[in-house]
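Summarising the annotation, TrEMBL assigns signal peptide to 1-17. Residues or ranges marked as transmembrane segment by TrEMBL: 68-94, 114-136, 143-164, 227-244, 256-275.
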Amino acid sequence: MFSLGSWLPALPGLAWGWALLDALLQGLVGACAVSVLCSLLKVYLYIQCVNNPERQAEKEAIAAQQPLLEPLHVLVLTGVLALVGSRVAALVVLEFSLRAVSTILSLGKGTHSSQLYLLCQYSLGCGVSCGLSFLLEGAPHRSWNLALAAGLAGLLALHARRLARHVCALYELHSRAHYCGVCILLLAAGHGIPRLLRNALGLTFAVADLAAVELINRDFLSTVEAVRFWTPLTICYTLLVIYMQEESRQSMGRALVFRTVLVRMGGLFILLLTVGRWTDILHVFVSLLGELWCLLRAGVLLESCWTQ
């Protein structure tokens with residue numbers, strides 16, 4: 001495998017250092033993807049609140065979110081995604097994909113769920129990281145490619161954050177006065193943001209699922225070993241999806257979301273105790289922290305989704 005470090009002389013620990021750099025760059029791209037998702041959802045939910053006089057309290061709560069905390073959120077999520085191994089990240093991606101398909105089928109035709117977009121934050125970061133790891137495996141100058149991807153993702157996240165800040169500050173004034181081209185465009189086509197996110201996330205998770213299956217299967221030397229892993233995994237994930245669907249019908253709210261995260265990570269923990277490695281166990285705890293961090297950051301947006 002060629003990377004930025006392949007041009008330098010072999011020194012003790014140098015390969016480990018470049019591997020860590022690659023992991024951080026992959027994590028940064030995933031964190032920027034999550035930031036873009038949250039910024040666009042913030043824009044969409046704010047516009048919905050502006051158009052509904054009964055949701056003024058929600059609008060003020062969304063606008064009151066501290067924009068200075070966003071860089072901290074990206075930084076922490078970058079570290080978490082860099083620490084999570086490709087094996088556990090792949091399992092997180094597959095679990096969410098199964099859960100998302102079940103949720104979409106349970107909703108009506110043509111119905112979208114903004115809550116589902118917020119719940120996929122950590123899974124999206126893992127999916128982007130898995131996809132990059134798979135697509136760039138064996139690529140010449142891997143580190144340079146990741147650095148370019150991180151730079152482009154950072155610019156996209158920065159512009160999305162600026163858009164959200166602009167909308168929360170000036171959308172009401174500009175949309176009424178027809179003063180700002182961006183706000184006029186959102187006034188006319190802002191309802192299409194969920195469709196844009198649905199298409200983008202569908203493509204991202206399609207690539208991530210293929211990458212996840214390949215990353216997991218490359219650890220098996222025979223078909224028998226693969227069957228021993230995939231059979232309990234399929235049973236565990238199916239039971240989790242059935243349980244979460246039943247829970248969502250009975251209740252909704254912050255407590256349900258956090259309880260679902262604990263159940264999912266608990267099931268993954270028990271599964272990996274029997275068919276995983278000790279490093280996988282540590283990565284499950286890191287994933288739990290990542291999930292909780294994303295949900296805590298999106299608390300106001302989740303409340304708005306539940307009201308909607």
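Quick reminder: no glycine exception, Cβ is built from N, Cα and C everywhere.
Same-chain neighbours of the transmembrane segment (256-275): 88, 91-92, 95, 119, 228-229, 232-233, 236-237, 239-240, 243-244, 247-248, 281, 284, 287-288, 291-292, 295, 302, counting only residues six or more beyond its ends whose CB sits under 8 Å from a CB of the stretch.
Same-chain neighbours of the transmembrane segment (68-94): 20, 23-24, 26-28, 30-32, 34-35, 122-123, 125-127, 129-130, 133, 157, 161, 205, 208-209, 211-213, 215-216, 219, 233, 237, 268, 272, 276-277, 279-280, 283-284, 286-287, 289-290, 293-294, 297, counting only residues six or more beyond its ends whose CB sits under 8 Å from a CB of the stretch. Long-range contacts of the transmembrane segment (114-136) within its own chain (CB-CB distance under 8 A, at least 6 residues past either end) are made by residues 26-27, 29-31, 33-34, 37-38, 41, 44-45, 77, 80-81, 84, 86, 89-90, 92-93, 95-96, 100, 103-104, 142, 145-146, 149, 194, 197, 201, 204-205, 207-212, 214-215, 257, 287, 290-291, 293-295, 298, 301-302, 305-306, 308.
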